[in-house]
Amino acid sequence: MNASCASCTRSGRPGAWEGASPRSRPAPQSRSTAAGVRGGPRPRPAPPHVTRSDMVSPPPGAAAAALAAARAWLRVGPAPRPLMGSQGGLGPPGDGGPGEGEGESGETRKLQEGRAARGKRRKGKGKGKAGAGQGGRGSGAEGKPQPPQAKEAAGLGAEAGERAGLGKVREGGGSVEEGARRIFRGDEGSAGARKEAKGRDDGKKEEWRVRTGQREEARPARARGRGAQAWGRLAGTGAAMAAAAEEEAGAREPAGRPAAGPALLRLPEELLLLICSYLDMQALGRLAQVCRWLRRFTNCDLLWRRIARASLNSGFTRLGTDLMASVPVKERVKVSQNWRLGRCRQGILLKWKCSQMPWMQLEGDSLYISQANFILAYQFRPDGASLNRRPLGVFAGHDEDVCHFVLANSHIISAGGDGKIGVHKIHSTFTVKYSAHEQEVNCVDCKGGIIVSGSRDRTAKVWPLASGRLGQCLHTIQTEDRVWSIAISPLHSGQLMTHLGGDFPPGAGVLDVMYESPSTLLSCGYDTYVRYWDLRASVRKCVMEWEEPHDSTLYCLQTDGNHLLATGSSYYGVVRLWDRRQRACLHAFPLTSTPLSSPVYCLRFTTRHLYAALSYNLHGLDFQTP
């Protein structure tokens, strides 16, 4: 009889027959000692408590007792497998008796024989030969396994004999008495086949649940026929998945204050908030790594407001007004570090074929940009770093290029090279244009229902926005030179307050100007300087100025209302970032090369992105995901 019949499988499961190599197959024995016929069904290994003497020739009356013992063994499971190598080296296959093979015990011997039998079953791919009382294709160690229906139809008792572990079918023939016993046991085994299969599946599911620490229905049991190595790999994967699920569930749970810990954690939250308000950004980051409760506590906006107000472009004005209350302050501080370090990702959002002098405005998730005599509206994609190429709307009405435009009260007020002013409603097709100046209109602004325009004809004019009075000039202001830029004070006084500066050299025109508050404003122009004016201090001299390092004309500027200042130069499309607390330029981004050198005609930025309009394209700088 094959020695592997009396040894348990390596993992204690029917699927562990795949593990032995073809070299470990036991040598064939005589035909008289085989428990079945050549090509018969392959039995499973016997449980550890079944003796070899019972398996050689069981009496007819012992069939029911052996079947019950096999069922009990399936429920309880095999004995724990021994550690490999703990009992010495493995010897050659033999009868399975204890003491055979140097340096190994009987238990180790059984383990080796089980591996040999499993390898023989796995590698057996040929067709079995017909045996006594059975014909057709075999399903034993040398044949292809048949489905359970075919086994039941054959009525040879193969499944019952396999479960009870009462014999091993090998090459050769058996006695008539053995064949009769197998037929009898086949009838009995076929009747309870489904019930035993269900019990075996339940046992596998229970073992899977215990090994992985998950619920029984969390993961279906693997198919039978896996080796011990494959099962170990699956168990390890399941354990890793269970640990990941446990960690994710813990992250979803609300973090409560630790019951025990340092005295700092037992302080009232108000006092702890006051203490943490003196920490800098790095200290708060380290404190958030202590525990979940402190991580949640350090995400409070109150702790980051002081740091955000001292950061670049964090959404806070100089007076402390929060312009982006919907975005967590901590996230804005993180992005602010990219502005300070100059880390960004550059890209081109739009291109056009011929040279333009575009102007641009932002409103919500939309961008408005002028191209020739049109104004086009585009919508940003969710990332803010790209645009939907199809425009939302097109606003026309000028006969020549649009020089400047602003957004006010759901209207677009545009100034054209044809000397006209256009008024467009954003959400309708209403468009009105009227003659405003004798020459091209270079600039326009609108606040509080008042439109102010400036022209090359050396005049600035005031117009009403009311629909019934469009085109009626309210006031004309004569100037000494061409008007290149204009801005309305937040006070809406409607009167000429003062003249700024008196020592400018000839040709030092101002190309862009903007108010920060009713008493402070910024200007830039041909003289390569950015100037900061405070009307409360002096109207003859600026309080601070920044010089362009390469003596380039500054076409435009933009500020966050606090510390950050951005300018656009006339050569190579250079965008410069300035920290107003220092004189030197912080960072410079050249957006064009020598053959396509272009001024930056207009630039706008948010807390995450900067957009610059050049002669041939629209560039975007993404500071959120550099």
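Here the Cβ of each residue, glycine as well, is placed from N, Cα and C on the backbone.
TrEMBL has this to say about the protein:
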type: COMPBIAS; residues: 1-10; note: compositional bias 'Polar residues'
type: REGION; residues: 1-229; note: region 'Disordered'
type: COMPBIAS; residues: 20-36; note: compositional bias 'Low complexity'
type: COMPBIAS; residues: 62-72; note: compositional bias 'Low complexity'
type: COMPBIAS; residues: 86-100; note: compositional bias 'Gly residues'
type: COMPBIAS; residues: 106-116; note: compositional bias 'Basic and acidic residues'
type: COMPBIAS; residues: 117-128; note: compositional bias 'Basic residues'
type: COMPBIAS; residues: 129-141; note: compositional bias 'Gly residues'
type: COMPBIAS; residues: 150-159; note: compositional bias 'Low complexity'
type: COMPBIAS; residues: 178-220; note: compositional bias 'Basic and acidic residues'
type: DOMAIN; residues: 261-307; note: domain 'F-box'
type: REPEAT; residues: 434-469; note: repeat 'WD'
The repeat 'WD' (434-469): mean pLDDT?
-> 93
Beyond the flanks of the repeat 'WD' (434-469) by at least 6 residues, Cβ under 8 Å | 400, 403-406, 408-409, 411, 413-421, 423, 475-488, 490, 492, 494
Report the DSSP secondary-structure composition of the repeat 'WD' (434-469) as helix, strand and coil residue counts.
-> 3 helix, 21 strand, 12 coil
